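Asker: I have a structure I would like to understand better, so I am pasting it below and will then ask my questions one at a time.
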Amino acid sequence: MFEIKKICCIGAGYVGGPTCSVIAHMRPEIRVTVVDVNESRINAWNSPTLPIYEPGLKEVVESCRGKNLFFSTNIDDAIKEADLVFISVNTPTKTYGMGKGRAADLKYIEACARRIVQNSNGYKIVTEKSTVPVRAAESIRRIFDANTKPNLNLQVLSNPEFLAEGTAIKDLKNPDRVLIGGDETPEGQRAVQALCAVYEHWVPREKILTTNTWSSELSKLAANAFLAQRISSINSISALCEATGADVEEVATAIGMDQRIGNKFLKASVGFGGSCFQKDVLNLVYLCEALNLPEVARYWQQVIDMNDYQRRRFASRIIDSLFNTVTDKKIAILGFAFKKDTGDTRESSSIYISKYLMDEGAHLHIYDPKVPREQIVVDLSHPGVSEDDQVSRLVTISKDPYEACDGAHAVVICTEWDMFKELDYERIHKKMLKPAFIFDGRRVLDGLHNELQTIGFQIETIGKKVSSKRIPYAPSGEIPKFSLQDPPNKKPKV
């Protein structure tokens with residue numbers, strides 16, 4: 001059997017960096033080189049301050065960096081030396097042309113394929129790590145076949161990642177499954193078994209699933225679509241709970257105890273974010289439309305529509321509760337990452353909520369423990385989010401949560417950071433304008449509602465009526481509409 005001794009990973013982002021760091025950590029006899037065209041990112045991987053935050057990542061990197069784990073911008077040499085090349089580059093949603101807003105843009109995948117074939121000789125395994133549409137491996141293989149050389153043998157596999165940001169290291173060390181797809185030919189199966197051997201040193205063999213390439217590619221899209229669907233489903237129930245007096249947490253517990261349903265991903269919130277869910281569901285929608293399956297496409301589109309609705313509904317609730325206007329009012333936004341234990345802001349609900357409130361003239365004071373100021377400014381300065389001077393006029397980045405809440409009309413919790421449960425809310429209430437509102441978009445304060453009401457807060461949360469003496473207001477009856485799907489037409493201001 002072919003033995004993999006050297007691995008090259010093209011792409012040092014949220015997938016490539018942690019994945020290959022764990023492989024190097026678990027397989028010290030394999031030399032792992034992570035390469036990227038972004039020199040500043042590679043410099044960060046080689047520094048004490050890593051470019052991404054992930055619990056446990058720093059310890060893993062430091063245990064093997066400089067020994068059998070290397071980060072470099074020398075892409076060509078790393079490809080030439082490798083037995084296995086992971087393609088772990090971005091596959092963003094297209095922002096222009098056919099499939100705009102839904103189809104995956106595979107330009108980086110294609111560029112990798114061309115660079116790999118240019119720098120390869122002999123036998124090499126090329127593996128998709130990036131989330132790609134079905135039959136992307138076929139496109140890679142066609143590029144290889146069109147640029148073949150004597151004695152060149154490139155085998156293409158699919159090995160999608162199933163890690164979740166915030167628990168990536170745990171997921172990589174103890175995965176639910178490892179999925180490897182390859183050609184159903186002797187050469188293809190030889191490559192599959194070689195990659196299986198890499199994982200078998202720490203992953204039980206029964207957790208390593210082998211399929212054909214197309215099943216592997218579709219399984220990744222389907223997995224993310226099912227998870228997103230669960231969140232949209234419970235969020236739809238949260239709207240019903242708010243209208244009837246039910247508590248969505250109690251409903252979720254009741255249905256989650258049914259073993260046929262299970263209790264995971266039944267946490268109602270202001271909406272899902274991150275780099276994968278929306279992108280992959282929209283990719284699935286586009287695939288269904290391209291295959292003339294309009295009913296299937298509409299079914300999955302509703303998952304995205306419900307997520308957008310949940311965000312608009314939450315923003316409308318903030319505005320309505322504050323006497324139908326937030327113009328010139330200070331609003332504290334606690335949390336900007338799309339979930340706790342990560343600094344990733346891609347498709348974060350905080351961006352959308354901030355957009356709605358800025359459009360109404362609110363002054364936002366934003367705090368997040370792991371998202372840099374520059375990233376928040378870039379996200380909110382996107383042409384699809386704000387006008388040229390909106391961010392400079394309406395947004396302040398605070399150094400701590402108390403500064404953000406000082407003098408605020410309302411506190412809006414958008415990320416479920418554990419630290420928000422431990423804040424001194426009496427101190428916060430004293431410094432806020434009265435009536436003081438808390439809008440808990442992540443249900444992180446569920447156990448504190450009585451205490452917070454005793455302090456004097458008006459509490460609004462997802463999927464539950466809390467405040468017994470709610471301040472009367474005149475509802476606008478209007479839920480704002482907004483999309484980040486429009487293509488950028490200018491560079492964001494920092």
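Even glycines carry a Cβ here, placed using N, Cα and C.
Keep in mind the model is a prediction, meaning the values are calculated, not measured.
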Asker: Looking at 166-170, 311-315, 321-325, 451-455, which stretch does Swiss-Prot describe as region 'Important for formation of active hexamer structure'?
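Answerer: In Swiss-Prot, the region 'Important for formation of active hexamer structure' feature sits at 321-325.
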Asker: Looking at 115-121, 129-135, 346-352, 388-394, which stretch does Swiss-Prot describe as region 'Allosteric switch region'?
Answerer: 129-135
Asker: Near A164 (substrate binding site), how many other Cβ atoms are within 10 Å of its Cβ?
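Answerer: So the Cβ neighbour count for A164 (substrate binding site) comes to 15.
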Asker: If you measure D36 (NAD(+) binding site) to A164 (substrate binding site) at Cα, how many Å is it?
Answerer: 22
Asker: For N90 (NAD(+) binding site) and A268 (substrate binding site), determine the Cα separation and express it in whole Å.
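Answerer: On Cα coordinates alone, these residues lie 29 Å apart.
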Asker: List every residue in the same chain as F338 (substrate binding site), at least 6 positions away in sequence, whose Cβ is under 8 Å from its Cβ.
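Answerer: Set apart from F338 (substrate binding site) by at least 6 residues yet with Cβ under 8 Å, we have E165, F272, G273, G274, D344, T345, R346, E347, S348, S349, S350, T415.
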Asker: What does the DSSP secondary structure composition of the region 'Important for formation of active hexamer structure' (321-325) look like, as residue counts for helix, strand and coil?
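Answerer: Grouping H, G, I as helix and E, B as strand yields 1 helix, 0 strand, 4 coil.
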Asker: Can you check how the pLDDT averages out over the region 'Important for formation of active hexamer structure' (321-325)?
Answerer: 97
Asker: Could you check which of these binding-site residues, E161, A164, G271, sit within 10 Å of F277 (NAD(+) binding site), going Cα to Cα?
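Answerer: Within 10 Å Cα-Cα: none.
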Asker: Compute the C-alpha separation of L221 (substrate binding site) from G11 (NAD(+) binding site), stating it in Å without decimals.
Answerer: 20
